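Undergrad: Sharing a structure below in structure tokens format, with a few things to ask.
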Ligand code: XMP
């Protein structure tokens, strides 16, 4: 992959957002922890320093080695970055007198390329800091202020170094993306050539080169990431890609067969393995959520290992890992670096885990995966599917799992999801599903008293699953869905709708 822009991470929650904005400009960028700067920077055209939860004045201040960067290539320092450049290069940073959090308006001190194009006078920006730059660094020239922040932006004379106290990457900085474009395109002259089509061409060539005539095995889940990864690998190595799609008996109604047919229709070399009974056996009698997850994970590894063993001479394991997982595993503040391997001691690894790994999507954000999928001609319905948890319906059946309970929940879930689609609500919901509760409630049907299961419906809005709000589905729709479920699904006599947000609740019930 071409190396264009380097973003140094100092642990800010906004660093990924900077990368996403840069990518939206069709510019390729990579995030590296502040202390893991690549040795060879010759292919990078610009560097951005991000924000940080730390103060440059504290003992914990993070010190990047900028000797290969400062004055040698265009540099944009954001928030902590701006304070860092000031504090350690002849300026001064001190605690702010006023709270500098929220919207502010810039006033420009002198004409500057960073703000020249597409940025209006009084441009609104977003501030989020508790330290202020009291004195600019050596050769620093103020280029913008706000009402409360005198040194809101500065440049360094004699260098292509710019520093801004505000966050251009958040939406509240209404022209922040334009400022990033001015820096990257006008000042640093970075090419805007990172498009889905260019990515496909480049990654397919890269995979061809890396894999050659060797074989790759890959587990398909029915989700967007593994599907797009498989189509890319298939484009690179054709039928030397062996896909395995496991039915764990916990998928949505009819999903195994319909998705398998879809995969075959896409020309993938795929084997469907119905291992439902093996999963039900592994789950028998378990009602603790984590125990269920562990049993399903282990059963999957066993089934996949058995299948992979039937293939000979496989050298690679394909995975649908995406960029947020990669960043998380190397984050500046030591985010969880847990990979699948760290859960197992190396001696005890199943054979397929000893294979070399290929991850064609490891540089892409989720929305980019969808765009690449669209470029590859993958069915938009498949690309637009709601996220579905790996343990499937097992964590939506509270308590122990039996095939009978799975069958009931599949029926309920199908009515709910099909209803959302029919009423054009599916695409405006981030994730939806039904939950089978471990309680019976009293009802009446005709002259009979019933004592049957309760199901909950859940539909949430979210961007990444980290936080979520319940969706205000129309009452009419809820009424219709509830009637249909109670009339059609034997064993269910009550439907409730979950109106909890995350936090403090979670999306799943287990
Ligand atoms: P929670 O319930 O934590 O869910 O708010 C956040 C997102 O993660 C999904 N989820 C899982 N996905 N294995 C998965 O692959 C799991 O064990 C698991 N638990 C939750 C959930 O569906 C939601 O999208």
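Including glycine, each Cβ sits where the backbone N, Cα and C put it.
Curation plays no part in TrEMBL annotations; they are all automatic predictions.
Per TrEMBL, the features are:
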type	residues	note
ACT_SITE	79	active site, nucleophile
ACT_SITE	167	active site
ACT_SITE	169	active site
BINDING	221, 222, 223, 224, 225, 226, 227	ATP binding site
DOMAIN	194-385	domain 'GMPS ATP-PPase'
Undergrad: So around the ATP site, 221, 222, 223, 224, 225, 226, 227 aside, which residues have their CB within 8 A of the centroid of those CB atoms?
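TA: Going along the sequence, the neighbours appear as 220, 228, 229, 320.
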Undergrad: Can you name the residues of this chain that are 6 or more positions from residue 221 (ATP binding site) yet have a C-beta less than 8 Å from its C-beta?
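TA: Set apart from residue 221 (ATP binding site) by at least 6 residues yet with Cβ under 8 Å, we have 245, 320, 390.
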Undergrad: For residue 225 (ATP binding site), name the DSSP secondary structure in the helix/strand/coil scheme.
TA: helix
Undergrad: Name the secondary structure element type, per DSSP in three states, that contains residue 79 (active site, nucleophile).
TA: coil
Undergrad: How far is it from residue 225 (ATP binding site) to residue 167 (active site), counting Cα to Cα, in Å?
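TA: One finds 30 Å between the Cα atoms of these residues.
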Undergrad: Can you tell which of 226, 227 has the most other C-beta atoms within 10 Å, given these are the binding-site residues?
TA: 227
Undergrad: Restricting to the same chain and to sequence separations of six or more, state which residues have a Cβ under 8 Å from that of residue 167 (active site).
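TA: Sequence-distant Cβ neighbours: 14, 51, 78, 79, 125, 126, 127, 128, 173, 176.
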Undergrad: Enter the number of other CB atoms within 10 angstroms of the CB of residue 223 (ATP binding site).
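TA: Result for residue 223 (ATP binding site): 16 other Cβ atoms within 10 Å.
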Undergrad: At the Cα level, what's the spacing in Å between residue 226 (ATP binding site) and residue 169 (active site), rounded?
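TA: Cα-Cα, rounded: 29 Å.
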Undergrad: I'm trying to understand the geometry here, so how far is the Cα atom of residue 169 (active site) from the Cα atom of residue 223 (ATP binding site), in Å to the nearest whole number?
TA: 29
Undergrad: Measuring CB to CB from residue 224 (ATP binding site), give everything in the same chain under 8 Å that is also at least six residues away in sequence.
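TA: Listed in sequence order, they are 366, 369, 370, 373, 382, 383, 385.
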Undergrad: Here are the recorded positions: 169, 225. Which has the lowest count of other Cβ atoms within 10 Å?
TA: 225
Undergrad: Does anything in the same chain, at least 6 positions from residue 222 (ATP binding site), have a Cβ under 8 Å from its Cβ, and if so what?
TA: 245, 251, 255, 259, 385, 388
Undergrad: Return the average pLDDT for the domain 'GMPS ATP-PPase' (194-385) as a whole number.
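TA: Mean pLDDT across the domain 'GMPS ATP-PPase' (194-385) comes out at 90.
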